[in-house]
Amino acid sequence: MNQMMTFLQTNGGELLYKTGEHLYISLIAVVLGIIVAVPLGVALTRMKKGAGAVIGFVNIVQTLPSLAILAFFIPLLGVGKVPAIVALFFYSVLPILRNTYTGIKGVNKNLLESGKGIGMTGWEQIRLVEIPLAIPIIMAGIRTSTIYLIGWATLASFIGGGGLGDYIFIGLNLYQPEYIIGGAVPVTILAIIIDYVLAVTERKVTPKGLQGMKEVS
């Protein structure tokens, strides 16, 4: 307990900075994942062939060890936040892509035909019919991806990306439990807070009649 108090007194200000840094790395990667995965998921629903291959490839990338992905980008991008964010971006794509694809494919075809009947263009059907109906599943994928990345972002310190992982690695290398706790506990709290915020957001953007839908696993 004394060691933990000493750690907090010594590193209190830096701990807040590291927490913000950790959140920044995670959220930038998730935002990039959303920008890529949602349009790609919609596009795949328009493909008669190839959708399974694309999702299968992303699945393979997801199974690669996190440290291997981080190490892969060192020769290409060096060390620091950029390679860490790029590596985390790759991990963010699968849950969002899979849920977007599944959510859009699950939209009732009769509704799409009705949209065509009143003169909707393809883009209008996506924007006004398909995305709103698929939003519970899409948001569930975003939520899953974000929580995963907050945990995986601890590995960013392996390549100089910063964040709360710095404390965990220092604690492991120097056998100082207070540093491990000082990094791990804020990560856990951060994940819980972000999960709650995203859960509230999910309820706000989901039409009331669709709020019973669950994430596709």
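We count from 1, first residue shown onward.
Placement of Cβ uses the backbone N, Cα and C atoms for every residue, glycine included.
Sequence annotations record features per position, and here Swiss-Prot assigns domain 'ABC transmembrane type-1' to 19-198 based on sequence analysis.
As annotated by Swiss-Prot, transmembrane segment applies to 23-43 (among others). Tertiary proximity for the transmembrane segment (23-43) is limited to same-chain residues at least six positions away from its ends with a CB under 8 Å from its CB atoms, namely 54, 81, 84-85, 88-89, 91-94, 96-101, 103-104, 126, 130-131, 138, 141-142, 145-146, 149-150, 153, 156, 161-163, 190, 194.
Per Swiss-Prot, the feature transmembrane segment maps to 52-74 (among others).
Per Swiss-Prot, the feature transmembrane segment maps to 84-101 (among others); the stated evidence is sequence analysis. Tertiary neighbourhood of the transmembrane segment (84-101): same-chain residues 25-26, 28-30, 32-34, 36-38, 40-42, 44-45, 51, 55, 58-59, 61-62, 66, 69-70, 72-73, 77, 134, 137-138, 140-142, 144-146, 148-149, 152-153, 155-156, 159-163, 215-216, selected by CB-CB distance under 8 Å and a gap of 6+ residues from either end.
Outside the transmembrane segment (128-148), and at least 6 residues removed from its termini, the chain residues within Cβ reach (under 8 Å) are 26-27, 30, 33-34, 37-38, 41-42, 91-100, 102-104, 106-108, 111-112, 115, 120, 191, 194-195, 198-199, 201-202, 205-207, 210-211, 213-216. Marked as transmembrane segment by Swiss-Prot: 128-148 (among others).
As annotated by Swiss-Prot, transmembrane segment applies to 150-170 (among others).
According to Swiss-Prot, the transmembrane segment annotation covers 180-200 (among others), on the basis of sequence analysis.
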